[in-house]
Amino acid sequence: MQGEDARYLKRKVKGGNIDVHPSEKALIVHYEVEATILGEMGDPMLGERKECQKIIRLKSLNANTDITSLARKVVEECKLIHPSKLNEVEQLLYYLQNRRDSLSGKEKKEKSSKPKDPPPFEGMEIDEVANINDMDEYIELLYEDIPDKVRGSALILQLARNPDNLEELLLNETALGALARVLREDWKQSVELATNIIYIFFCFSSFSQFHGLITHYKIGALCMNIIDHELKRHELWQEELSKKKKAVDEDPENQTLRKDYEKTFKKYQGLVVKQEQLLRVALYLLLNLAEDTRTELKMRNKNIVHMLVKALDRDNFELLILVVSFLKKLSIFMENKNDMVEMDIVEKLVKMIPCEHEDLLNITLRLLLNLSFDTGLRNKMVQVGLLPKLTALLGNDNYKQIAMCVLYHISMDDRFKSMFAYTDCIPQLMKMLFECSDERIDLELISFCINLAANKRNVQLICEGNGLKMLMKRALKFKDPLLMKMIRNISQHDGPTKNLFIDYVGDLAAQISNDEEEEFVIECLGTLANLTIPDLDWELVLKEYKLVPYLKDKLKPGAAEDDLVLEVVIMIGTVSMDDSCAALLAKSGIIPALIELLNAQQEDDEFVCQIIYVFYQMVFHQATRDVIIKETQAPAYLIDLMHDKNNEIRKVCDNTLDIIAEYDEEWAKKIQSEKFRWHNSQWLEMVESRQMDESEQYLYGDDRIEPYIHEGDILERPDLFYNSDGLIASEGAISPDFFNDYHLQNGDVVGQHSFPGSLGMDGFGQPVGILGRPATAYGFRPDEPYYYGYGS
């Protein structure tokens, strides 16, 4: 059958269910439209059904509203609701009236993840109801004067706000072309007109498939020009207002000036309301278009970040939510973040924390979280006083998680760790730790606590009362490696807090076995290794918990993961401070095992440094010193490592070799010779080269070359030494013994005692002021001062 035979169209509307809107004060009316095409004889040719819905917004509904009257009015005005449903409407309205505004946490999260659509506003709300069939009339209005253009655009906007109409509007190229032209030509003539037309295109921008249409008409670029213009206008308004305010302040008795100022201020307020409606819809359109990163880059090149940061000075919550949401999206790219830094964004955001508007506070915290990945911006956050403000939010379940993440990032910087001691942060965190019912504590919470425990002042607060006891109890109960890592950080600080651990040495030592999880054992070992307490009987601990076989077994290459082996080495270094422990370890054959491990891990500076430190501890004790010097090749390894590129390794080597040299003359000579050779290597090479030049006739023989450099002991060659007047006479008037009165460290004369044998001894029989255990990748020693450069 041909199309022209279809002469008649029959439309039937059938009412359906009525529901309440999930988040707004509104009713949703469901209805069904059945369209049937009738033939010439009235018989149906083609039919289609479509389910639709209408939203009835009830702006005036509040606690004092007369529900019965409002229900009657709704039924009378909405033809889709049958009068028989009056009681149902009344019940729904009663429910809306009494429904709490606060949503559940999950709903809030979903709701705040995207700003709300712009509401109806002046110029958009007209009495006339738009009809899709009257589009030609509305298009004609766009060719008339400004008031008619505003009316025409408002009617088209009514249609565009219903997503069901968008596809039909998309096909109407005449309408879209006219709207784009009017916006381009007349946006400066009327804010209402510009707002209406941008809102129409915003409706299209809510759906990704229509973004090509907006790009085609270059609406995005036009919106950016409009936003830039409006922001500059706002600055001019503020300047004018400021001048008039200043005039009033200078002459408070002048009523004419005061009235003029009040009139200007009232006008300014009206203009700002309309302007913010325009800014909001234009920015929302751009935010939707920014789904495409290429489009976002174009916006960035047109200074979108500067515009958005300027808009942060506004007071309109809905506009601010949109602006901050946009900035949050942009902040994930470094270039945009750098633009935000230039505009001092942190200073502008700090005024929003805290604020009454939950959604704004939530999205602002999320933006700050993105920005807090930048070290300079974290510094700025502390400078502007965000630390106590964020700490105060830890008590609010809605913001606790995000605030904690920002604070965690701030706590990563050692400069700011101590500042947490002057806030209410630590008591709140301890409360959260102890109230946590799960076996594993939230990762954000425990990570934050681990960072804070790296600072001595914070640790004093953590250990107040039964703090440490409660932490130990929980860590041992649940075998939590992260909580034990926090305890390990606590244990590294010298002073009263370290002595608290004496009560838990047995509990910790009992965890050192192959039966426990390796991660947990690593942290327990690390905690024990930090306990450099003179009164602690390490020999008793090693024997009672049978730790020596465990430690020796783990030293075998490949016996365990490197992290665990390293902790074992550090633990051996700690217990080796005790004379009886060092002897116990030497008897067990741990020293050869350490040398074997040193060979296997010679490329790993951290392993090398910690193993050398064990040797350093052991050479203080007679039993282990003799084993190291006479039965192992440890001194030879130390000589090889004397000039390692790692400063920490060199330092430990020097100190260890100095002690070996004091107790063994043969090694003393080798060590001193090597130090001299290294320190003067450049000069020795030059002398050797000169001697070679003078002795070219002996080039193929060793007679003249041998005595100079290659074979003899350098310290037996006084003819190569300098004195204050130049080279010492070659006849050897000064004996090498002259140099035995000086302590050479890396070749530098540092004193007139050979080696530090006369230094005072501490509780372990060690010289006072000797070097401490070298830092590991785990962290710095607690008593090591920090020096930081404060960048601009």
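Note: Cβ is positioned from N, Cα and C throughout, glycine not excepted.
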| message | Say a student had to find the phosphoserine annotation in Swiss-Prot: which of SER60, SER208, SER681, SER730 would be the correct pick? | response | SER60
| task | Please indicate, using numbers and ranges, the residues of the same chain that are 6 or more beyond the repeat 'ARM 4' (578-620) and have a C-beta under 8 Å from a C-beta there. | result | 537-539, 542-543, 548-549, 551-552, 555-557, 562, 565-566, 569-570, 572, 627-629, 631-634, 637-638, 641, 644, 646, 648-649, 652-653, 655-656, 659-660, 663, 764-766, 771, 773-774, 776-777
| said: Is it possible to list how many residues within the repeat 'ARM 1' (333-373) are helical, extended or coil according to DSSP? | reply: 31 helix, 0 strand, 10 coil
| field | DSSP-derived helix, strand and coil totals, residue by residue, for the repeat 'ARM 5' (621-662) | value | 34 helix, 0 strand, 8 coil
| message | Just to confirm: which same-chain residues, 6+ apart in sequence, have a Cβ under 8 Å from the Cβ of SER60 (phosphoserine)? | response | LEU70
| request: For the repeat 'ARM 2' (374-412), would you mind checking the mean pLDDT of the predicted model? | output: 95
